[in-house]
Amino acid sequence: MMHLAFLVLLCLPVCSAYPLSGAAKEEDSNKDLAQQYLEKYYNLEKDVKQFRRKDSNLIVKKIQGMQKFLGLEVTGKLDTDTLEVMRKPRCGVPDVGHFSSFPGMPKWRKTHLTYRIVNYTPDLPRDAVDSAIEKALKVWEEVTPLTFSRLYEGEADIMISFAVKEHGDFYSFDGPGHSLAHAYPPGPGLYGDIHFDDDEKWTEDASGTNLFLVAAHELGHSLGLFHSANTEALMYPLYNSFTELAQFRLSQDDVNGIQSLYGPPPASTEEPLVPTKSVPSGSEMPAKCDPALSFDAISTLRGEYLFFKDRYFWRRSHWNPEPEFHLISAFWPSLPSYLDAAYEVNSRDTVFIFKGNEFWAIRGNEVQAGYPRGIHTLGFPPTIRKIDAAVSDKEKKKTYFFAADKYWRFDENSQSMEQGFPRLIADDFPGVEPKVDAVLQAFGFFYFFSGSSQFEFDPNARMVTHILKSNSWLHC
């Protein structure tokens, strides 16, 4: 009898250790995910037993708070939509407050800030990382009095680095997906710094995690902004891969938040662009949303985009999303209409306008003295009587001129045409239409306009990544 009892005792641990069913395992996994998520982003105290009690009012309230903040149906339950959102990639900063700012509204007490890129991800060329960070800084610079300059050594206000797992700040990264990056609010030392998880696949486009978008979001934190519950805002905590990076601009929610800390940008000390006469009405005027619309020339000017067509141009800026429509002669009475090409050299604060075998230089509203000049003074051969398009690469200080199926490259530093040109457009810009009407550089891409289409060209991958309608820049 004792022998039988001993067998029964031996069996008890075995019988109580049957594996959980698939559904039970999944439920436990979901609870673990939710517990970690709410602890990390919604200030839930670490208490496993409490979380396992289904009727815990605190847990229900935390889930409801998360659902409300992220725009989900507020059920207080770990439903499918809630769990799906918990698995999405996002910023590693908690969602514990309103969009406006961190508790106590920390802000920088100065308007000129320094930044330093401490190290680089192996996923991208160094110049691509530099460009993404510069563009992200410009997003906030354009709507505030803030300015930024780069340091290459020493301690900057904003130290930017790539790291994996535990990296010395008590906020470990978690591998690919989930937490993409985190940043600290304004202040000394670690404060203001940005850390990117280098286990992510960082890209210039939407094929992986877009570095520009994440950097712009994290910079919002470095400047004092917290997360926004507005799903259209850059400061919304979940990563949103904009399919059309060319169309990116801050939401009004983002602008309101950052300007509540620093105010709007100061009025320009330069002459504002003011038209001298209004646009006449008439059927000959181009319609911005005409599906067949093409452009004569495109240029940037002091942070704005100018799209020229016939006697007119559209003017688009980040701070005024609705394009303005003007006569060319209303701003520059001495310039011709029906232009061939235009481009800006940022370092000289000058836009160059081309028509036929002549070109003009403008700064703001002023056409510069000594113009027009002949295009052959730039180094073109006598056989070239006009150019079709031009664009200046501000990082490389090179200007590209396109004529028929060839292009030339001009060095802005030496002010001379480079040797080895012209070259065939098809050889160096594969996939682009040979007849180029205009070219624009933005967001790390070149946009080649040909008729009613534009070709988004990635210069690092040397390939066309998107084909869009030319007037998509005008919100059509």
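Cβ coordinates come from backbone N, Cα and C, glycine included.
Going by Swiss-Prot, these are the annotated features:
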ACT_SITE  Glu218  active site
BINDING   Cys91  Zn(2+) binding site
BINDING   His217, His221, His227  Zn(2+) 2 binding site
DISULFID  Cys289-Cys476  disulfide bond
REPEAT    336-382  repeat 'Hemopexin 2'
REPEAT    384-432  repeat 'Hemopexin 3'
REPEAT    433-476  repeat 'Hemopexin 4'
SIGNAL    1-17  signal peptide
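The distance from the Cα of Cys289 (disulfide bond) to the Cα of the residue listed as 'active site' comes to 35 Å. Cβ neighbour count within 10 Å across all protein chains ranks His217 highest among the binding-site residues His217, His221, His227. You'll find the Cα of His221 (Zn(2+) 2 binding site) roughly 32 Å from the Cα of Cys476 (disulfide bond).
With the fewest other Cβ atoms inside 10 Å of its Cβ, the least crowded of the recorded positions Cys91, Cys289, Cys476 in this structure is Cys289. Within 8 Å of the Cβ centroid of the Zn(2+) 2 site, not counting the listed residues His217, His221, His227, the chain contributes Cys91, Val93, Ala183, Glu218, Gly220, Leu225, Phe226, Leu234, Met235, Pro237. Every protein chain considered, the tally of other Cβ atoms within 10 Å of the Cβ of Glu218 (active site) stands at 25.
Counting residues 6+ beyond its ends, the repeat 'Hemopexin 4' (433-476) has Cβ neighbours under 8 Å at 124-125, 128, 131-132, 135, 204-205, 212, 244-248, 288-300, 305, 307, 314, 316, 321-323, 341-343, 388-394, 400, 402, 404-405, 425-426 in the same chain. If you take the Cα of Cys476 (disulfide bond) and the Cα of the residue listed as 'active site', they are about 30 angstrom apart, rounded to a whole number. DSSP states for the repeat 'Hemopexin 4' (433-476), grouped as helix (H, G, I), strand (E, B) and coil, give 5 helix, 24 strand, 15 coil.
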